[in-house]
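Here the structure is laid out as C-alpha cells; the discussion comes afterwards.
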Amino acid sequence: MEPPTKPRRLRCSVQNYDWGILGAESTVARLYSKNSASEIVPDKSYAELWMGTHPSGPSFTAEEAEPPKPLKGLVSENPGLLGEKVVERWGTDLPFLFKVLSVAKALSIQAHPDKELAKVLHEAWPEVYKDSNHKPEMAVALTEFEALCGFVGVEIDGMDILITYDLGIWKVDEIWIFTLNELKTVLNSVPEFVELIGHEDANKFLHVNEDDGDDKTKTILQKIFTKLMSASKDEYSVLVSKMKARLDAENKVRTLTEKEHLALRLEKMYPSDIGVLSSFFFNYVKLKPGEALYLGANEPHAYLSGECIECMATSDNVVRAGLTPKFRDVKTLCSMLTYKQGFPEILRGIPLDSYTKRYTPPFDEFEVDRCVLPEGESVVFPAVPGPSLFIVVSGEGHLKTDNSVGEDKITEGHVFFVPAETEIGVTAASGADSTNDAPGNLQGHEDDLYLHTKTAPKTVAE
C-alpha cells in the first residue's frame, strides 16, 4: 500500500572536500547545520550539500513520527511517489541529484562522460567511476560565481551584437570577448604554449581559417590540447614557473588581462600545475546571482569560486586532468571532449509568476525553479507528474499541500521530498514572525523566503 502523498522532510549529506569554504562563511555549512542539528566546525571546509539518493551522499527521511528511512528505499518500495512516467523511463529511483556548493578554491579541470562512455569507465575502473550514468548538470548562482567552461572560439561571429569598445575588447552585458580569434591570440601571447607544443603544431593552428571547417579546426585543437595536457610534470612545471615570472614582471609595466590575472590566482592555488596553462584555452564565465550555466556531457569545465545550487543526473562520474591532487585520467579526458568552441549560453530564468523563475537546460532529467518570496506573500507550485525536491536557502514561512489540513513551518536548511501529483503552497513569514539570520547577499531582502525547487523532469511534465 502506498503511503500518503505528503512532503517528507529530509536529513541530507555533506561533503567536506578541501576546496570548500571554511566554517560559518559557507552556505553549505549553515544549511547542513540547520538541516542536521549539528555544530559548525570553524576550521573545517564545507563544500557540498547533497539531496537525493546517490549512495555517496544519500538522504534520509526526518519525520518526527517515524524512524529515518533512506529516500532511495522509500521511493523504490513506493514507486507511485515518483509518478508512472518517471518509473517507465528511469526506473524506481530519482533521475536527478540536487546540491548546494560553496567553492573557495578552484575545482579540477574536468568533464563528465556520456552514458556510453560512463558504462565503459564503470566496468573498467569501478573504484574511480562509481556508477554507469551520465552527468549533465546545471549551476544556478547564489552569489557571484566564477567558472571556466568550454573552449574559447577560433572565430567570433555576430559582431553586430557588441555594444562597447575599449582597448581592443568588446563588452556585452559585462561579458568580455576578445575581438581577435581568441585561441590564436593565446598562442601568440603565451609563449610558454609554443615552447611546449612546438612551432610546427602552433603554426598549423595559427593558419586555420573559417574556410577550413569545424572538423579540421577541432582536429587541430584536439591535437595541441592533448599535447599540452600530456606533457610530463618536469616539462610543464618549469613552464608554469616561467609564465608566472613573466607575468609578474609584465604586471609592473602594463595592465594584465583578466585571463592573465586568473592564471596567477590559479598558480597560487595549484603551483606548477598544467591546469594553470590550460586555463587560457577555456571561456572565463562570471555569473551574477540568479544566472545559470548548464554543462552537457564531454564538455570541459572548472568551477573557480562562489556559491550555487547545482542539479544533475544521478551520477558522480568525473574525469579529471588538472588543478587537482586527485587521480588524473588525461588520456580519457582528451579523447572524450567534443572540442566545440564558443561562449556558453547563460540562462536567466523564465518567470512563472511574480516571484518564481524556471531554468530549463537541454536535458531530460531535470529543471530548476528559484523563488524569492517577500514577507507575507504566498505562491503555489502546481502538481506535476514527477517528484520534486525543495530546499529553503534562507528565510522562513509555512508550507501546505493540497490534501493536508494544517500547515508545516519551514525555515532555512529544511529540505523536502515532494511526491508526484502533489500541489504545494508556500507563504513567507511576516517580518514580525521571522527570525532569519541569513547573509543578505543570498536574497533581495533579509526577511525574504528564498528557496529552490527541483521540479519534475521536463519530458514528463510536458
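Glycine is treated like the rest: Cβ placed from N, Cα and C.
Curation plays no part in TrEMBL annotations; they are all automatic predictions.
Features of the protein shown, as given by TrEMBL:
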type	residues	note
DOMAIN	9-151	domain 'Phosphomannose isomerase type I catalytic'
BINDING	Q110, H112, E137, H301	Zn(2+) binding site
DOMAIN	196-281	domain 'Phosphomannose isomerase type I helical insertion'
ACT_SITE	R320	active site
DOMAIN	359-401	domain 'Phosphomannose isomerase type I C-terminal'
REGION	430-462	region 'Disordered'
For R320 (active site), the one of Q110, H112, E137, H301 that lies nearest, given that the binding-site residues are compared by Cα: Q110
Neighbour tally for H301 (Zn(2+) binding site), based on other Cβ positions within 10 Å of its Cβ: 23
Any further residue of that chain within 8 Å (Cβ to the Cβ centroid of Q110, H112, E137, H301) of the recorded Zn(2+) site: A111, K135, L295, E299, P300, V318
Intrachain C-beta neighbours of H112 (Zn(2+) binding site), sequence separation six or more, cut-off 8 angstroms: H134, K135, P136, E137, L295, A297, N298, E299, S315, N317, V318, V319
Close in space, distant in sequence - Q110 (Zn(2+) binding site), Cβ under 8 Å, 6 or more apart: P300, H301, A302, V318, V319, R320, A321, T324, L333
Among E137, R320, the most crowded of the recorded positions [Cβ within 10 Å]: E137
Helix-strand-coil residue split for the domain 'Phosphomannose isomerase type I C-terminal' (359-401), DSSP-based: 0 helix, 24 strand, 19 coil
Predicted model, mean pLDDT over the domain 'Phosphomannose isomerase type I C-terminal' (359-401): 94
